[in-house]
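Participant: Can you read through this structure? Questions will come right after.
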Amino acid sequence: MTQPRYPPQARRGQTQFASRSPEADQLSSGITPGGGLPDFEISSYSSFIRDPSKLARHQSILSVMSRRSRASIISNPDLDTEGAYSYYPHQLPARPRPEPEPEPEEPVYSVQLEDFNPPPPDSPILPPPQLIPGEVPERQERRYKTKKVVELTDDNLVLECPVPPHYLVKQTKQKGQEWEFMRYSAVTCDPDLFQAENYTLRPAMWNRETELFIVVTISKTWGEGSWEKVVVCIVSDGRKKCDPQVYNYLAAMGVYQEGVAKREVNGKEVQAHIYEYTTQVTIDPNMKIAPSATSDYVPVQIMFCLKEKNAKKLNSHRWFFNAFGPVINPRVCVLLDVGTRPGPTSIYQLWKAFDLNSNVAGACGEIKPVKGAGAKNLLNPLVAAQNFEYKMNNILDKPLESVIGYISVLPGAFSAYRYKALLTSPETPDSGPLISYFKGEKPSPDSGIFDANMYLAEDRILCFELVAKRSYAWTLRYVKAAWAETDVPDTVPELISQRRRWLNGTFFVALFSVFHFGKIYKSDHAYWRKFLFHLQFIYNVLSLFFSWFAIGNIYLTFYILANSLSFPENAPYGRSDIFKVVFTVLKYFYEFLVIAIFVLSMGNRPTGSKVLYTLSMIFFAFLMIYMTFCAVWLTYLGIKNALDSGITTLSAVLDEPHFRNVILSLASTYGLYIFGSILYLEPWHMVTSFVQYLCMMP
């Protein structure tokens, strides 16, 4: 029997690869000289984690070995299997095809999950089985790509993901669904439809009564199992915007697991990913895990809501109030911003204000800037000026407003609200505090510039709507014992951006409260409290009036004080010519910078004009120092002239024009700061931050 001739393609292929080395042919065929498998290092899964490129290299080698290229067939003619399906169909039988799986009779409502499914740790990746001559090699089964069909819960994707065993070994409580599984929910609807789309949360599933919707170190006020009344909700604004350290931190607590989140469920885009777990891990401020068995910490119910897209802070609050609130139905909701650290008992003090008075709808504490070790941050004049401003606001404004019952703003960085007070009333189902609060997220086509500026301070609108709610007598409280430290802007562009937003929002919300003051008459407040609201209303109108003319008032103050030294009788040492030149130069610089700042304010990027903004701040700081010098010198002249004329009575002193115009105005402002700080027994900010605030006042 003659040997069959090779096809032309095979002969060309043999000639083409004739110059290849024997080692290359052995690697291509997957056979060693001894007839066995090729020798290569088998790495474990842990080594792939350390070096991902090694995993790709092994996968490429296995892919070459598993599919037998044409070059390997030609270099080993005795192992030729290509004829089984091309040139020699008579030698080998046809390979049977697998029977198709029968289709289900009824549709299954489910979702297919495609995940990266790596092999378990320390499991070696084995080479394919030895190839048998005459058989068509099968494709190597891929272990990194799997498809799972998961049954939906009420048409929603809900997964119970087991917690790693090594995590539970170190914990006190190890048995039970709450401790052994992390619950994941892929939310595909709007926050307002969360409950209507049959989504639920663990506290509601287990019928737990939630007192605080925030983390807190609980004492024995609520007795055994009090941690079940506290739920922590962490809302991250955008999956791609979230810092990787946040994932690591939450993963260490068992709350987050990588690779669980899905982008689509039955063709619907996922809007938010919700992870629920009751953690027993405590991480101290030094980022070290405290031993669970020896620590005094209690378990904490944590919900991590990871929004798919970045939709700003107001949308995060809508998830908090409109999506999770109706399901959990908490008693008190506490709001915290990133960068705000409450005191050890601050959250408890806020909750206590609601527990003692059933008419309290909202409460806030004292906000303090972070001073750093040894108050080193106060060396920055921007931080020091804000420290003085926050302190005087907590000494003069907040206590008085708390006595009246209406605080103009509860800071979103650290505040609390009674959830029942935020809901709509049966009399007005289409209006309420939360409805007004969230109007700024999706403005209507009819909204104009007034609404756009007003909703820059939506927390002020929420405060007014709570106090003026129809048929209710809700009040707001300031709790001095509850304090929190927060990061404040320490650069000029950040400060400009923050204050521009605050000033616009504050001014237009003040107009809104004045125009809608009539809502107070429809509330159930007592007559004496409504009288106090009228006094506060008059004060707000006067403040609004002076705020409108603030720029002109500062210029008039500068003009009067600086121009007074241009006269020989008032100039120090009679050198009125020098002070007249100084006044003229400062006046033109003042007018030029006001026009320049007005033009720059038309844009939206303070970082693009950082140099000019910084120079303007330096000039106005020097201007304020010069104005203070003029005021002090004119005060000295007034007292000196009064003593020289023999005036000793108080009425005669008050008739002296310089004394009356300068001394009384200074005493009504700076003197009030000093008196209030001493009365409050907290005068240290007058020493560390008063000068910086004085320079930054313009």
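A Cβ is built for glycine as well, from the same backbone N, Cα and C atoms used for every other residue.
Fair warning: this is a prediction, and the values are worked out from it, not measured in the lab.
Quick paste of what TrEMBL says about this protein:
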COMPBIAS  117-131  compositional bias 'Pro residues'
DOMAIN    145-211  domain 'Chitin synthase N-terminal'
REGION    1-40  region 'Disordered'
REGION    74-134  region 'Disordered'
TRANSMEM  502-521  transmembrane segment
TRANSMEM  541-561  transmembrane segment
TRANSMEM  581-600  transmembrane segment
TRANSMEM  612-639  transmembrane segment
TRANSMEM  659-681  transmembrane segment
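Map these features onto the structure and tell me what's around them.
Facilitator: Summarising model confidence by region, the domain 'Chitin synthase N-terminal' (145-211) averages a pLDDT of 77.
Long-range contacts of the transmembrane segment (581-600) within the same chain: residues 551, 555, 558-559, 562-563, 565-566, 609, 612-613, 616, 619-620, 623, 626, each at least 6 residues beyond the stretch ends and with a Cβ under 8 Å from a Cβ of the stretch.
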Participant: Looking only at residues six or more beyond either end of the transmembrane segment (502-521), which have a C-beta under 8 A from one in the stretch?
Facilitator: 409, 450, 453-458, 460-461, 464, 467-468, 470, 530, 533, 537, 540-541, 543-544, 547-548
Participant: Given a Cβ distance threshold of under 8 angstroms, which distant residues of the chain, six or more beyond its ends, lie next to the transmembrane segment (541-561)?
Facilitator: 507, 510-511, 514, 586-587, 590, 594, 623, 627, 630-631, 634, 698
